[in-house]
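The anthranilate 1 binding site annotation in Swiss-Prot covers G96, N127. Summarising the annotation, Swiss-Prot assigns 5-phospho-alpha-D-ribose 1-diphosphate binding site to G96, 99-100, S104, 106-109, 124-132, S136 and lists sequence analysis as the type of evidence. If you look up Swiss-Prot, you'll see S108, E242 marked as Mg(2+) 1 binding site, on the strength of sequence analysis. The anthranilate 2 binding site annotation in Swiss-Prot covers R182 and rests on sequence analysis. Annotated Mg(2+) 2 binding site per Swiss-Prot: D241, E242, in sequence order.
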Amino acid sequence: MIRQAIARVVEGQNLKESDMIEVMNQIMGGEATPAQIGALIVALRMKGETVEEITGAARVMRDHATPVRVGRVLDIDREEINLDQETMAAVLDTCGTGGSGTKSFNISTTVAFVVAACGVKVAKHGNRSVSSMCGSADVLEALGVHLDIGVDTVERCIAEEGIGFLFAPALHGAMRYAIGPRREIGIRTIFNILGPLTNPAGADRQVLGVYREDLVATLADVLCRLGCRRGFVVHGMDGMDEVTLTAPTRIADIREGRYSLSTIAPEDYGLQRCRLEDLAGGDARHNAELVRGILAGEAGPRRDIVLLNSAFALVAAGKADSIEDGMRAAAQAIDEHAALAKLNALIRMTQP
């Protein structure tokens with residue numbers, strides 16, 4: 001099937017979701033050669049990936065991922081009750097596509113601790129750096145979080161502390177067949193888009209940052225098809241894959257299978273604009289210091305952008321009714337050192 005798919009995409013034809021599912025199953029099953037994988041993803045990039053193609057690929061990656069179970073089970077002799085199903089507890093992810101090129105610090109990773117401190121279960125999906133100086137896995141490792149842990153430990157972190165890190169290479173083993181072609185090609189492809197769509201914990205609430213404005217509506221449509229209950233897809237007009245403070249942000253607001261588009265500005269929430277340099281990061285050690293400083297209460301643009309993005313996450317998780325309420329809750333979580341406590345708890349629970 002993959003040879004026929006390559007031929008069709010090269011001719012500018014779109015693949016149906018069912019076709020993409022068949023092709024991705026070949027790739028994930030080790031039945032496609034590196035040359036075929038490389039040809040397909042480059043052809044898709046040149047044509048432009050469609051909603052159906054991305055959705056089909058995401059479904060297969062989800063099916064092949066090692067599942068992380070976030071439900072806590074209560075045994076009351078007569079039966080077991082999944083507490084998360086019964087209470088409809090939200091599970092949130094703050095994973096973005098990366099690739100913005102803005103060299104900012106790890107905003108969404110910092111947000112994860114703030115949101116967890118506000119009572120949201122966070123299944124933070126991430127990886128090492130691909131296009132930036134420091135990915136989420138890099139900064140967490142520099143902070144003291146161990147990445148080489150079993151799924152049972154990740155599940156326990158989420159159950160007991162409300163936050164766990166889902167290290168993509170450990171949970172997407174079938175992706176090993178695409179690693180070589182991706183590395184050798186060296187350009188953004190559909191796989192850069194798929195990471196945030198394939199959380200192994202099945203997070204149904206999400207704030208997803210994207211590196212291109214046209215991906216806002218595309219990935220909002222994909223998330224709706226994949227069952228996202230509430231979420232936002234965001235793109236800063238300065239290039240950031242976050243809600244930004246230096247420019248307006250394009251946003252897709254997802255609610256129960258539908259989405260609406262809007263543009264917001266920092267001033268809408270009483271925040272001052274800043275420069276990209278004010279949000280800059282560095283290597284893993286430097287970014288770890290920045291994260292600790294923010295969670296310890298340091299003021300400035302970095303704190304402000306964390307508060308703003310945390311607010312969107314809290315609205316997505318159903319913990320805040322408005323962005324303003326979310327910002328107040330996030331500020332309280334930081335100022336009372338609850339967010340810092342979540343970081344320290346994750347470090348402690350992941351020690352060998």
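Every residue gets a Cβ built from N, Cα and C, even glycine.
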Which number gives the other C-beta atoms within 10 angstroms of the C-beta of S108 (5-phospho-alpha-D-ribose 1-diphosphate binding site), all protein chains shown included?
26
How big is the Cα-to-Cα gap, in Å, between S108 (5-phospho-alpha-D-ribose 1-diphosphate binding site) and G96 (anthranilate 1 binding site)?
8
What Cα-Cα separation, expressed in whole Å, is found between N127 (anthranilate 1 binding site) and S104 (5-phospho-alpha-D-ribose 1-diphosphate binding site)?
16
For the binding-site residues H125, R182, the one whose C-beta sees the most other C-beta atoms within 10 angstroms:
H125
Run through the Cβ atoms and count how many others sit within 10 Å of the one on G96 (anthranilate 1 binding site).
24
Would you mind reading off the Cα separation of G96 (anthranilate 1 binding site) from D241 (Mg(2+) 2 binding site), to the nearest angstrom?
7
Here's one to test understanding: among the binding-site residues S104, H125, R128, R182, whose C-alpha is closest in space to the C-alpha of E242 (Mg(2+) 1 binding site)?
S104
List the Cα distance (Å, whole number) between S104 (5-phospho-alpha-D-ribose 1-diphosphate binding site) and D241 (Mg(2+) 2 binding site).
10
Cβ distance under 8 Å to R128 (5-phospho-alpha-D-ribose 1-diphosphate binding site), same chain, sequence separation 6 or more: which residues?
G135, A137, D138
Would you count the other C-beta atoms found within 10 angstroms of the C-beta of D241 (Mg(2+) 2 binding site) for me?
28
Under DSSP, is S108 (5-phospho-alpha-D-ribose 1-diphosphate binding site) helix, strand or coil?
helix
From the Cα of D241 (Mg(2+) 2 binding site) across to the Cα of H125 (5-phospho-alpha-D-ribose 1-diphosphate binding site), what is the distance in angstrom?
15
Three-class DSSP secondary structure - D241 (Mg(2+) 2 binding site):
coil
Quick check for the class: what is the C-alpha distance, in angstrom and rounded, between D241 (Mg(2+) 2 binding site) and R182 (anthranilate 2 binding site)?
21
